[in-house]
Amino acid sequence: AQLHYSVPEDREPGFSVGDLAKDLGLEVRSLATRNLRLVSEGGQRHFQVDLAAGVLLLDSRLDREALCGQSPTCSLHLQLVMENPLQLHRVEVDVLDVNDNVPQFPKPEVVLEITEVANPGTRLPLEVAEDPDMGSNSISTYELSPSEHFALSINVRGDGVKMPEIVLEKALDREKVAVHHLTLTALDGGNPVKSGTAKVTIHVLDANDNPPVCDPPISKVHLEENVPVGTLVTKLNVTDLDEGPNGDVEYSFKTSNNAPGKFTKLFSLDPRTGEIRTKAPLDYEESSAYEIAVRARDKGSPAMEGHCHLRVELTDINDNSPEIVLTSLSSPVLEDATPGTVIALIGVKDSDSGDNGQVRLQIAKELPFKLVSSFKEHFSLVTSGPLDREKASGYNITVRAVDSGSPQRATQKTFYLRIADVNDNAPNFSSPFDTAHIQENSLPGTSVFSMSASDPDDGSNAKLSYSILDNGMQDVPISTYFRIDQDNGTIYTVRALDYEQDKVFQVPVEVKDAGSPALSSTAVVHVFVLDENDNAPTIVYPSVPKGSAFHQTIPALAEPGYLVTKIVAVDADSGHNAWLSYQLQETAEALPFQVEHRSGEIRVAQALRESEDPHRLVVEVRDNGTPSLSASVVILISLEENSVQDFSKSLDLPKSSPKDANLTLYLIISLVSISLVSCVMFAVVAARCL
């Protein structure tokens, strides 16, 4: 929106220019909370905002003539910037002219000369009085003191300036009056009227009675502002009907305090030919037109002069590039900002005029932003699509301003917009299922597995912490077996594990970020406990107390191959740690018995001899682990006389063959293999179900 106020130039500081709160439709107390601030274009500060009253106050006394010179209008442009939400309002304040300047002539006394033979109607141009005020407060008219011979004539120049001239009404007689003293008064149109005077002294001369005449007296020339130095502007056409020195004309610039010496710095005048040329670069933006007054004086005695007025109007050339002003920038912006969020306020200006000063603003189409025109030469940069910090953490935004001149001129400005992170991504494990192995009986605190998770967010939103969840699948909470380092995700044992009690654990791990709200993910680690040979074989049969022996009797006539008994043992370990072998401990004397290495059967190895003492056998059962563990049993074998029937039966006992021992080994290997395959399949099925 744009607000418009006006203030007279003579008001004191503190004068109330306008009620901002009322005109903006806002409550006074909201101005401070929205951080209302005033930005003056051009860097000069003339106004201030009273946030308590919500009004625009004058900060310093204004001088319209110092601010705008002779411009017909005088406006000061301000910008009001408010936040939450970000808004920009343009304020235009017109500075009204006050009649505070007195008309003033370039010189307090003007001396003119006129020949006595001058005809009635002869005109003597006078210096124009200047009044810095504008409009009705500027020069309104001129008055001349009463005279028998002279009257005042006022002509209007092309730019509206009134030019006084003294007109001869009655023939002069130098012998009667050689000098005439008059008073010229300049009056402005103010209320009250102010005036300034100049004394006019007219000397009546003899002889040279024809002044130089400019044809036409007022002319206009159009010139492009980029013409090279030395370009011919015009050649004055001046005639003097006199002959000899009285008709020989010299030219010179006629200056006034309107712009003392200003056009003389830009233009040169040949005093002999009357050619006017440029002698410095011209700039339309500095001044679009120049009023040049030329005095044409002959060399008569007394000399006579004529006056030529030339108006040089410049044609604008597109010689100024647009200017980009970044008024406000909100950086960083959250990545979840909705489309239409205002990011920046941008202003453009071009010192050229017409199409040369019409500016278009552009940004790259592939950016998720767009430009929205707020009002003339002011734009808002807003989001046009979703932002994602994980794809782009910031944008280099290049704003390009192009005018409509020919050829076009362009300017670009680049600024960096940072995207602030929002916790919109949950942590992610590299795999939802992992497998780890650990030896049973490992010391508490042994590292089992290191979890790895990542979070594409930034800062605290990407700070991860790990924890173990209790899934209730074990009888005892999983936290009594394992713990996890919450910072690096390494899983450690809490106590020693026993393969014979638990062969596999499912450890659910949760990773959580530090965002608000926090996001999390879970993964499951299957920890397989590896068997260790920590259990010695146990003899199931014969079962005898520790330190005792097992007594067995056999027929005295038992032949080789006779089955005495069978040792049965088991091992709580698994795999090769549970593979058992049987052997007899060596003794000093050879025994007539042997034990099958795999089956544990004790048989008669050779014919028995009569003996009163029983045979003492120590059978050792040893597993296949590393190191190997063993158990032993003592068997006392006594001989007795049996019936023939019993003896015959003993002979019918089948003999163990090496093939039977090998078959037993194959059966054990098959059972162990089937058990391992079943455990793995069960673990896979359980993982898929989870």
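Glycine residues also receive a Cβ, built from the backbone N, Cα and C atoms like all the rest.
The annotation domain 'Cadherin' is assigned in TrEMBL to 6-105 (among others).
For 106-214 (among others), the entry in TrEMBL reads domain 'Cadherin'. In the predicted structure, the domain 'Cadherin' (106-214) carries a mean pLDDT of 86.
What TrEMBL lists as domain 'Cadherin' is 215-324 (among others).
What TrEMBL records for 325-429 (among others) is domain 'Cadherin'.
Look at TrEMBL and you will find 430-539 (among others) tagged as domain 'Cadherin'.
Residues annotated as domain 'Cadherin' in TrEMBL: 546-656 (among others).
Here the transmembrane segment (663-687) has Cβ contacts under 8 Å with residues 433, 503-504, 506, 524, 526, 528, 574-575, 578-579, 598-599 of the same chain, all six or more residues outside its ends. TrEMBL lists 663-687 with the feature transmembrane segment.
Simply put, out of 6-105, 106-214, 546-656, 6-105 has the most Cβ pairs sitting under 8 Å from the domain 'Cadherin' (325-429). Most Cβ pairs within less than 8 Å of the domain 'Cadherin' (430-539), among stretches 6-105, 106-214, 546-656, belong to 546-656.
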